[in-house]
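To keep things clear, I will list the structure first and then write my remarks on it.
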């Protein structure tokens, strides 16, 4: 797979990132879901073992599988479109800023789908009761007791606050690593090399943003919004730091680092491979 992964399809500039993003999101979520479950339980306030331990690590996966495709498809369509619109009008020295801006647009739009999914997924991951509960019933109960904004979309701001810094780091680093490899490889870049770049960028960004992910998890898992309405990222992190210090702020960092290192490889590798295959077939 060569430089072609940077060109646009002659049929539509949206179809390639739409399909590739959907396939990438589904692939990485189905493959690495257990790591996310373990990370969530490590970050749960009640503790790892009370939150479920190593039991049922695939609990809630149907919720993720059914929404990962539209979420990542929306992100990459927004990212590629914003990047394509901005880059021709700015000097090459602004490329990192363009990638950051494009990533922010993609993340904010993707969070419209991601946040309700996270609410349902994380509450299923930490549920230890015997009564079966579905993701729909969790979201319906959240809406019924706490409303749309405070229930279904609780943690939207903290999720955006976590995902924006993550994308600010991951996407420019990914693009920079690709450019560096391409410059040392006669302008060529394979999907495997793209996956390696994604692995390095994802692992680094995931580790750095662990405290923000921890705050988001605590806010989403809080049982009653009426009682915990004052929960904000800074007070939550201050409380965690007072109890556990720096180590407490990075609870779940190891599975998060491992998940995003492996996930970055799968995610960006599948994205690039699918995008190239689609563009090659449609250009015939």
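One-based numbering along the chain as shown.
Cβ from N, Cα, C; glycine included.
Summarising the annotation, TrEMBL assigns repeat 'Solcar' to 12-85, 94-180, 189-277. According to TrEMBL, the feature transmembrane segment maps to 14-35, 56-77, 257-274.
Sequence-distant contacts of the transmembrane segment (257-274) (same chain, six or more residues past either end, CB-CB distance under 8 Å): 1, 5, 19-21, 23-25, 27-28, 31-32, 35-36, 39, 76, 170, 174, 191-192, 194-203, 205-207, 210. For the repeat 'Solcar' (94-180), the DSSP counts in helix, strand and coil order read 75 helix, 0 strand, 12 coil.
For the repeat 'Solcar' (12-85), the model gives a mean pLDDT of 83.
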